[in-house]
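Peer 1: Shown below is the structure under consideration.
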């Protein structure tokens, strides 16, 4: 897509990368909303139906946005030139991108749980029940290999559009022939977190009970792994029982102690989440600037011209290797292993940016030596394999970061919130993708102070992307130090459990004004 926007729309490489990074950020943020809708309203099956339709329509709209598709009806030319792309094509393209993001998010949320529902109920007796889902996997595999060799962009987008529409029809037909198991929504833990803050606002002026045992507990709360903690003790006012005869009459004015503790966990992780934004900024350069660097480099092995998606295939293969390494490292029974794994991922981000900066400097030197600064479409006599190092390190960042975050939530978060915290982390990472657009703008404006040229020119050959990579390396280094500080200050579950009895004894006789003062302390 980066090449399509650069070669056909003739956008600057930063403009094209900005569009894709905003889209990538939205694609990482939307799963959190989709997960909430699945748990609160829709259920996995209905989300899968809607997301499949959305994805199919999105790909179709993108295919229709190419110049030849609607040239006769819009009166535009059929060539792949920017003057052949009118307002209608642009609207279709952006609408299609949004629909694809919605479809990808819904499938990411619902596909795996939906398959688990079928297996759990022993209803998945034949592969014919889910042919559409398997067909989607085959389409992706064949498309990754064959599509790069198809030159017309209308076919590159049109073939996947036809295949996804066909797969969606087959999947929906399975609904009629072999009724799928559809589990009803069970409610969202995110709603419970909101309820805690609403109930706290209602009870903020209420006196705190002298005995903590008077706080509201539902049956089974004593068996919860996560007990009362000192952090944000003021939120426990949400558990003050105002109507002992009917405590659950208004759920938005009363929460249980366990629900309050879940809200505390979410709030306690906010400082750690903020350090993930820089990781998102670094991750965003893989599908944009890295591919733009490789676009005109020497990609030949003998007579075979290696397609650009091979770099992404190498990236995926490297991720499998690092996934294995990260899983083995995180299997050790150590509560500090996940934070160390996240820190290791941040180290990979630093090394990735440094390596990318060095490789871009080398590429620019080759361009100057061969007088190619003003010839952006000319091939550069530099092997594409020099970029494999930065893709390899970027894979290390993604693998160690994501695996460690998941393991961290397995240990530190209640089971009901693990999925939400994981997708909330992805949403923060997606915010980093969007912030990468802002970072390019800010760095560009700072670089042109004093009458100096902006680091980001219209073409990559005239830009100084290497200096931007050095800036990212510096930001990643500072971010690593901040994360280490946050991780050292974070109160881990096991540490809280050891002090549980002592805390209850200390707080059971506290007066109301002393407890209120704890509200301002973390």
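Cβ atoms are placed via backbone N, Cα and C, with glycine included.
Curation does not apply to TrEMBL; its annotations are automatic.
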Peer 1: If I go by TrEMBL, the feature transmembrane segment sits on one of 445-467, 468-490. Which?
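Peer 2: Matching range for transmembrane segment: 468-490.
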Peer 1: Of the ranges 1-19, 20-38, which one does TrEMBL flag as transmembrane segment?
Peer 2: 20-38
Peer 1: Would you mind telling me which of 253-271, 272-290, 291-309 TrEMBL tags as transmembrane segment?
Peer 2: 272-290
Peer 1: Examine the transmembrane segment (421-443) against the transmembrane segment (310-330) and state whether at least 3 Cβ pairs sit under 8 A, considering only residue pairs 6 or more apart.
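Peer 2: Contact absent: fewer than 3 Cβ pairs fall under 8 Å.
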Peer 1: Cβ pairs under 8 Å only, please: of the recorded stretches 45-71, 91-109, 157-177, 272-290, 310-330, which one is richest in them relative to the transmembrane segment (468-490)?
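Peer 2: Between the candidates 45-71, 91-109, 157-177, 272-290, 310-330, the best contact partner of the transmembrane segment (468-490) is 272-290.
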Peer 1: For the transmembrane segment (20-38), what are the same-chain contacts with Cβ under 8 Å, counting residues 6+ beyond its ends?
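Peer 2: Cβ under 8 Å, 6 or more out: 1-2, 5, 44, 47, 51, 97-98, 101-102, 104-106, 108-110, 113, 185, 188, 190-191, 280, 284, 287-288, 419-420, 423-424, 426-427, 429-434, 436-437.
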Peer 1: Please figure out which one of 45-71, 91-109, 272-290, 310-330, 342-359 racks up the most CB pairs under 8 Å against the transmembrane segment (157-177).
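Peer 2: Most Cβ pairs under 8 Å with the transmembrane segment (157-177) come from 45-71.
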Peer 1: Using a Cβ-Cβ cut-off of under 8 Å, list the residues of the same chain that are 6+ residues beyond the ends of the transmembrane segment (310-330) and lie near it.
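Peer 2: 144, 286-287, 290-291, 294, 337-338, 341, 384, 387-388, 391-392, 394-396, 398-400, 403-404, 407.
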Peer 1: Residues of the same chain, at least six outside the transmembrane segment (91-109), with any C-beta under 8 angstroms of its C-beta?
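Peer 2: For the transmembrane segment (91-109), the sequence-distant neighbours (Cβ-Cβ under 8 Å, at least 6 residues beyond its ends) are 23, 26-27, 30-31, 33-35, 38, 44, 47-48, 50-62, 64-65, 70, 423.
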